Amino acid sequence: MRKVAIYGKGGIGKSTTTQNTVAALAEMGKKVMVVGCDPKADSTRLLLGGLQQKTVLDTLREEGEEVELEDIIKGGYKNTRCTESGGPEPGVGCAGRGIITSVNLLEQLGAYDDEWELDYVFYDVLGDVVCGGFAMPIRDGKAEEIYIVCSGEMMAMYAANNICKGILKYADAGGVRLGGLICNSRQVENEKAMIEELARKIGTQMIHFVPRDNFVQRAEINRKTVIDYDPTHKQADEYRALAQKINDNKMFVIPKPLEIEELESLLIEFGIAN
C-alpha cells in the first residue's frame with residue numbers, strides 16, 4: 001500500500017486535484033482510500049456525488065466511543081473509500097489535533113488492514129504545514145510520499161518551499177520523501193518553465209502540469225470529478241496522465257528548500273516581479 005499526502009497552499013486546488021487523480025487511479029482498477037485532513041471536510045465530496053459526509057470528529061462527539069468503521073467510511077466512485085477527519089467547532093480547540101485523533105481511530109478500527117486490499121491511501125491536508133497536527137502525516141510516517149500542489153503565483157511557491165522544510169525536518173525520523181510538484185495552472189506568465197526550475201532547484205521534478213480549464217468547475221457544480229462527469233473530455237486525460245505518472249513514479253527525494261532570496265531571484269528571473 002502506497003501512502004501519499006497532498007499538500008499545498010490553501011485554495012490552490014488540492015482537494016480538486018486529489019479527487020480527480022484518485023478517480024483516475026480508481027478507473028485504472030486501483031483500490032484507494034482518501035482521508036480528508038481539513039476541517040472544511042470537502043476532500044471527498046466529488047467522489048461521493050456531492051454528499052457532505054459526516055466527519056470522524058462529529059461522529060465521535062455524537063456517538064462517543066461506540067464508533068464502527070462503517071460509521072466513518074463511505075464508499076465512493078468506483079469503490080473508493082472516503083473519510084473526513086473534520087475539525088473542532090469554530091473558535092474552539094485545535095484542528096491539527098483532530099487529524100491526529102482521526103487517523104489514530106482509523107488505525108484502531110482497521111481501516112488500513114490487509115483485508116481491504118488497498119493500493120493507495122491519500123491524505124488531503126489543509127494548507128501549509130502550519131502546526132504539528134497538520135504535519136502529522138509527515139511526522140509520524142503515516143504518509144511516505146508527498147506531492148505538493150502549486151502554481152506560478154508567488155505565495156503558492158512560497159508555501160511549497162515551506163512544505164519542503166517540513167519534509168526535510170522529518171525525513172530521517174518518518175522516512176517521508178517528496179515525489180514531486182504538481183503545477184495546477186493559474187495561467188501565470190512562464191508558469192510551466194518556472195515550476196520546472198523551482199523543482200530542479202529543490203531537487204525534485206514537476207510531475208505534471210495541469211492546464212487551467214473551466215470544465216473542472218462545471219464538473220464540481222455537478223458534484224462530480226471530471227472523469228465521472230465526462231470521461232471523454234480532454235481535462236479527464238490530464239488527470240489520467242497525472243495518475244499514471246504518480247503510479248509509475250520512482251523519484252523520491254529529500255528536498256533542498258530554497259532560501260527566501262533564492263526564491264525571490266527565481267521570480268525575478270522569470271519576470272513575475274518585474
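Glycine residues also receive a Cβ, built from the backbone N, Cα and C atoms like all the rest.
As recorded in Swiss-Prot:
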BINDING   Gly8, Lys9, Gly10, Gly11, Ile12, Gly13, Lys14, Ser15  ATP binding site
BINDING   Cys94, Cys131  [4Fe-4S] cluster binding site
MOD_RES   Arg97  ADP-ribosylarginine
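Here Cys94 ([4Fe-4S] cluster binding site) is positioned 17 angstrom away from Gly10 (ATP binding site), judged by their C-alpha atoms.
DSSP classifies Lys14 (ATP binding site) as helix under the three-state reduction. Ranking the binding-site residues Ile12, Cys94 by how many other Cβ atoms lie within 10 angstroms of each Cβ puts Cys94 at the bottom. Close to Ser15 (ATP binding site) in the fold, though at least 6 residues off in sequence, lie Gly36, Asp38, Asp42, Ser43, Arg45, Asp124, each with a CB less than 8 Å from its CB.
Counting Cβ atoms from all protein chains shown, Lys14 (ATP binding site) has 25 others lying within 10 Å of its own Cβ.
Here the CA atom of the residue listed as 'ADP-ribosylarginine' lies 20 Å from the CA atom of Lys9 (ATP binding site).
Spatially close to Gly13 (ATP binding site) yet at least six residues away along the chain are Val149, Asn184, judged by Cβ distances under 8 angstroms.
Between the CA atoms of Gly8 (ATP binding site) and Cys94 ([4Fe-4S] cluster binding site) there is a gap of 20 Å. Neighbour counts were taken at the CB atom with a 10 A radius for the binding-site residues Gly8, Gly11; the maximum falls on Gly8. Most buried of the recorded positions Lys9, Gly10, Arg97, judged by other Cβ atoms within 10 Å, is Lys9. When the alpha carbons of Lys14 (ATP binding site) and the residue listed as 'ADP-ribosylarginine' are compared, the span between them is 21 angstrom. For the pair the residue listed as 'ADP-ribosylarginine' and Ile12 (ATP binding site), the C-alpha distance works out to 23 angstrom. A separation of roughly 23 Å, to the nearest angstrom, links the Cα atoms of Ile12 (ATP binding site) and Cys94 ([4Fe-4S] cluster binding site).
Cα to Cα, Gly11 (ATP binding site) and Cys94 ([4Fe-4S] cluster binding site) are separated by 20 Å.
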